[in-house]
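Worksheet for the structure shown next.
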Amino acid sequence: MRSDQIKKGDQQAPARSLLHATGQIKEPTDMNKPFVAICNSYIDIVPGHVHLRELANIAKEAIREAGAIPFEFNTIGVDDGIAMGHIGMRYSLPSREIIADAAETVINAHWFDGVFYIPNCDKITPGMLMAAVRTNVPAIFCSGGPMKAGLSAQGKALTLSSMFEAVGAFKGGSMTQEEFLDMEQNACPTCGSCAGMFTANSMNCLMEVLGLALPYNGTALAVSDQRREMIRQAAFQLVENIKNDLKPRDIVTKEALDDAFALDMAMGGSTNTVLHTLAIANEAGVDYDLKRINEIAKRTPYLSKIAPSSSYSMHDVHEAGGVPAIINELMKKEGTLHPDRVTVTGKTLRENNEGKEIQNEDVIHPLDNPYDKEGGLSILYGNLAPNGAVIKVGGVDPEIKTFKGKAICFDSHDEAVEAIDNHTVREGHVVVIRYEGPKGGPGMPEMLAPTSSIVGRGLGKDVALITDGRFSGATRGIAVGHVSPEAASGGPIGLIHDGDEITIDLTNRTLDVEVSDEVLEQRKSERKPFKAKVKTGYLARYTALVTSANTGGVMKVPEYLIEE
């Protein structure tokens, strides 16, 4: 066992003394059992994580019952909804790297034999997943689960995206103070990740098809008995996997990553999943080309439209059959998935999900009646995005196939929000928000406030937005993000002028500014070099080491330090 490094031999007597002092070693024979880390992310200020201490205690009991010794540690967490629209959002994506590094540090410093990961929201799930693939120690994931959907006084289903859009509606005068306060108090009624197909739930659903979590991980409610039983079963499965030496890199292959994108397409998941899945590919040593995502989109139907793209919540999806029903439906179309690869259950993806039929075809459409024959995400290329950009086409009005408009440019999120709120932004505009990428932000902040304000003011079909920043999973409308290269790295998005005509072509998956190459080259020669906005602390180090969105926005050591 890996843990023999810290508990076997005379030279490890001091370490054994310290282990006895923890109180986790109950019997002398415990030193002969696997040591299992519980990588938790309990934190009081994140509603998706306030109940994780309870779940960790259930995991501890089950791990001990299964014949191993549990040791819990905690990571940090940032709630994107609370951090939205201010300096706090600069820390959200960078927190993913801290979580991965922190988990790696504890796991390798103490030579654990296996790891039970308990994530839930935003950057915690991908951060832990990066650590799992990096350390390649037997691992299993069981998230905290989604919250129930809210309900307004008028009986309307609510999620957090409803609240963000309500801000725009209230400021625009189409919502009363009473209605606004009612939504505020009822949008998030329980603990758990936000109830729609936002980043947290997108990633927790993807964990099922990747093969690192048990079925229904993405949809069983945080407050349900099923969630607690799932924790127990996952603990037993992990101890079995330690015995069989089943490791994350045995599971997370290029085919598994393909299937993650396919499920994302079928469910119209968050654009952030592209960023995170590319980061996971990097940790797994898998060379994953962005263009592969469009190939997957072309063969994957869009089967389930969930909030913010509809009124359906994650609980509705669960009642309709959950992710297993969607996987089972996709398996019926040959070539869509790779169903015969191994998963954390020790069984194949096919064995985990075959026969799990759709229970409500209004929520999960069958293959013969998809929302669209192609998936809900697209990668756009063109002279504005030579290395790609991402749009959630599932969140765009189906009638819109092409959008042409005049650029109105802003070099920060805050400037754009002010212009939208004071009606400077009008119908026919393409709002360009730049210098908000991984380096430029820094931290690639989410642009939920401007997109929500656009939709909330009734301009969702008439105004587009492009940015080198990213979007919340709650974003909908004509919103193109992750434009690469970013402005801070010299990307052409930094060369756009007010009034330039921009074309977003969803059919041909292109993003272009109607300006000649000669003019762009002239503008490039006149552009001043970017200077980092933050000079000290973590964000300064992040700015120096972070890479482009098209490679997952990961931090990399400079090549000159690792060249042989």
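The backbone N, Cα and C atoms fix where each Cβ goes, glycine too.
Long-range Cβ contacts of the compositional bias 'Basic and acidic residues' (1-10) within its own chain (Cβ-Cβ under 8 Å, at least 6 residues beyond either end) map to 16, 19, 31, 34-35, 110-113, 137. The compositional bias 'Basic and acidic residues' annotation in Swiss-Prot covers 1-10.
Residues or ranges marked as region 'Disordered' by Swiss-Prot: 1-20.
Positions annotated as Mg(2+) binding site by Swiss-Prot, on the basis of sequence analysis: D80, D122, K123, E446. According to its DSSP assignment, K123 (Mg(2+) binding site) is coil. Taking the Cβ of K123 (Mg(2+) binding site) as centre and 10 Å as the limit, one finds 30 other Cβ atoms among all the protein chains shown.
Summarising the annotation, Swiss-Prot assigns [2Fe-2S] cluster binding site to C121, C194 and lists sequence analysis as the type of evidence. In the structure as shown, the Cβ atom of C194 ([2Fe-2S] cluster binding site) sits within 10 Å of 33 other Cβ atoms. In this structure, C194 ([2Fe-2S] cluster binding site) belongs to neither helix nor strand by DSSP; it is coil.
Marked as N6-carboxylysine by Swiss-Prot: K123.
According to DSSP, S472 (active site, proton acceptor) is assigned to coil rather than to any helix or strand. Marked as active site, proton acceptor by Swiss-Prot on the basis of sequence analysis: S472.
The Mg(2+) site, placed at the center of the C-beta atoms of D80, D122, K123, E446, has further neighbours from the same chain whose C-beta lies within 8 angstroms: V78, D79, A83, M89, S92, L93, C121, T199, N272, S472. Here the recorded positions are C121, E446, S472, and the one with the most other Cβ atoms within 10 Å of its Cβ is E446. Counting other Cβ atoms within 10 Å of each Cβ, the lowest count among the binding-site residues D80, D122 belongs to D80.
In terms of Cα spacing, the recorded positions D80, E446, S472 that come within 10 Å of C121 ([2Fe-2S] cluster binding site) are D80. DSSP assigns E446 (Mg(2+) binding site) to a strand in the three-state reduction. In this structure, the C-alpha atom of E446 (Mg(2+) binding site) lies 16 angstrom from that of C194 ([2Fe-2S] cluster binding site). Helix, strand and coil counts under DSSP for the region 'Disordered' (1-20) come to 15 helix, 0 strand, 5 coil.
S472 (active site, proton acceptor) sits 8 Å from D80 (Mg(2+) binding site), taking the CA atoms of both as reference points.
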